[in-house]
Structures are given as C-alpha cells and as structure tokens.
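Peer 1: Mind having a look at this structure? Questions to follow.
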Amino acid sequence: MTNFYKVFLAVFILVCCNISHAAVSFIGSTENDVGPSQGSYSSTHAMDNLPFVYNTGHNIGYQNANVWRISGGFCVGLDGKVDLPVVGSLDGQSIYGLTEEVGLLIWMGDTNYSRGTAMSGNSWENVFSGWCVGNYVSTQGLSVHVRPVILKRNSSAQYSVQKTSIGSIRMRPYNGSSAGSVQTTVNFSLNPFTLNDTVTSCRLLTPSAVNVSLAAISAGQLPSSGDEVVAGTTSLKLQCDAGVTVWATLTDATTPSNRSDILTLTGASTATGVGLRIYKNTDSTPLKFGPDSPVKGNENQWQLSTGTETSPSVRLYVKYVNTGEGINPGTVNGISTFTFSYQ
C-alpha cells in the first residue's frame, strides 16, 4: 500500500507542473518600412478637386502576422500613434503632412488591412480591441497602410517624397496579462515614392475682362424698395477637359468682404439709392458674392456646369435694384470679378 501512494503522488505532481502560463515574446522587428521602395503612382483629377486621394489600394503598406508570440491565455490588443503633423481632415480622418503638396491618410490595426483604424490626431488610440489566446501558442500581428493625398492647387507635376517616419504601434496586454520586459512598441517609416499627378481644367474663351453697358432708366421704373429692372447682360464661355465640373464665385471688387446679393457701386458712381444684382441663366434668385478663391466649397460658390459638358457657358443678367434709400439720378458703376473652380 505504501508504494501505491508514492506512485499516485508522483503522477499528480507531473500533471500539475505541465499546466501552461500566460506568456509573450517579441519575434518581429522594431523598425519597419511601409510600402515598396521607390514606389511610383499615377492619377488624373480636376485641378480643384482637393484634397485628392490616390486610390492605391493596399499597395503602400506593411503587414506582418508574426510580431509577438503569445500563449497560455495571454490577452493582447494594439494601440497606434501617428507622429506626422495634422494638416487637414477628410470625412473625420486626419490628413497628415509630408510636403507642402502631398499628405497622407493612415490606417493602423491588426494583420487584416480591411480592419485597420482610420487614424486621427497625434495621441495613442486603440486600433485593435484585442483577444485572449487559449492554452496553445499563437501570434499577434499588425498592419499599417497609407494613401497619398494631393493638398494644393497646381498644374500637372511629379512629386517626390523622401523616406519619412510615420509613427508606432504598441502591444497592449490586458485582463491581467503582463509583457514584463518584452519589446512592446514597433516603429514605421514610409519608403520613398513618386506621384505622377495629372490635372484637368478649363480655358476661358470669352475675354477675361468683360464690360457690360448698363441701360439708362428713369427713377420711375424703380418706384419701391426691392424693385428691379434689367440693365444689361453678358455670357461666359469655357472649353474644358472631359470630366471637369465647373463652379464659380463672384466677388465684389469694391467691397471684397461683401456676402450679400447687391454689388457695391464704385466711387465713380454718382447715383444713390440704387444697386446692382446679378442673375444666371433663368434663375429667379440673385447670385451672392464670395471670397476670391477657387477652393472647393468656397462661400457662395455656384455650379456652372456638370462633368459631362466640355463647352459650358452661362448667361449673366445685371439688374438695377431699388435699395430703399431714396433714388438720386446719376451714373452707376460696379466691378465684380469671377473665379472658376475646376472640380
């Protein structure tokens, strides 16, 4: 009987000591390059369709399924951080600056590109909520991918980007797991690449300076405040590359801050109590004035054409308007500039 108990005890101790414990080890590289070396990417877009994102898919990326070896119930998630300056945003995602002309959209996450988190700001953020391995050995990976963004209005050009540090991903143990002295952070640098950027736009066919002769009228034709009479008309014509949608902004040259629909008369005008409004085509609502800028979404910008028109034109009607301050006859002069945006 004594020998039986000794054998039983020995077997019990052997089984006990084979129970696994949560463990992690680093098997990746601390410094990693994103994208192919000397990559080259080409695209065509309208001049003012900015910011313009190059659809490179996942070609500019880094993906590694074997960065940490984990076992025995170890629980791990991932945090990511971008070190580049934020220069704008697109649909809630930060645009990070590389050069004056080129920026980046960045995604970080686990091994699967499609689950990457769109990065915003420069703080650590959760890019993979995590999981707990069972009583077996597995690995935790990660991925980073980017898309270049054209930031500024320019003619067709080639942009070269040098190798640039992007940021980092760190392993985040949780649920009682501990990394101890194991390497938890890996860094990423974007490999150099070239963008071959082709832009499309339009050419103005009518003179850049248009003089509209205003008809002479009597004060009796504008008896009440808000009354209008057609004073003159003109047309603007363009020749456009295929696919370009033209937008335009009128700016009050005398009072550039004017955002109303009444053009300020110049100092050379002698009439008072009268203003000028500008209408396009058959619209019943006058155009409002905005900043002298081709930026997409400029204040009081209006659509002149669709992307299917290669020879767009617009008819503009200038109307006198009684401003309600009492009309005194005289000369009427106004200056408005027009700025086109090719989107």
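Glycine is treated like the rest: Cβ placed from N, Cα and C.
This is the feature table in Swiss-Prot:
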- Ala65, Asn66, Asp110, Thr111, Ser138, Thr139, Gln140, Gly141: carbohydrate binding site (BINDING)
- 298-307: compositional bias 'Polar residues' (COMPBIAS)
- Cys75-Cys132: disulfide bond (DISULFID)
- 23-199: region 'Receptor-binding lectin domain' (REGION)
- 200-343: region 'Fimbrillin-binding domain' (REGION)
- 287-307: region 'Disordered' (REGION)
- 1-22: signal peptide (SIGNAL)
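Have a look at these and tell me how they're positioned relative to everything else.
Peer 2: Within the same chain, the residues at least 6 positions away from Asn66 (carbohydrate binding site) whose Cβ sits under 8 Å from its Cβ are Ile27, Gly28, Thr139, Gly141, listed in sequence order. Annotation note: Asn66 (carbohydrate binding site) sits in a strand segment as assigned by DSSP.
According to DSSP, the secondary structure content of the compositional bias 'Polar residues' (298-307) in residues is 0 helix, 2 strand, 8 coil.
Reduced to three states, the DSSP call for Cys132 (disulfide bond) is strand. Cys132 (disulfide bond) has a Cβ environment of 15 other Cβ atoms inside 10 Å.
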Peer 1: For the region 'Disordered' (287-307), could you work out the same-chain residues 6 or more beyond its ends whose Cβ comes under 8 Å from its Cβ atoms?
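Peer 2: Same-chain contacts beyond the flanks: 47-50, 153, 236, 238, 240, 242-252, 256, 258-261, 263, 277-280, 314, 336-337, 339-343.
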Peer 1: Around Ser138 (carbohydrate binding site), how many other C-beta atoms are within 10 angstroms of its C-beta?
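Peer 2: Summing over all protein chains shown, Ser138 (carbohydrate binding site) has 15 other Cβ atoms within 10 Å.
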Peer 1: Show which residues of the chain containing Thr111 (carbohydrate binding site), separated from it by at least 6 in sequence, have their CB under 8 Å from its CB.
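Peer 2: Expected: Gln63, Asn64, Ala65, Gly141, Leu142, Ser143.
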Peer 1: Of Ala65, Cys75, which of the recorded positions has the most Cβ neighbours inside 10 Å?
Peer 2: Cys75
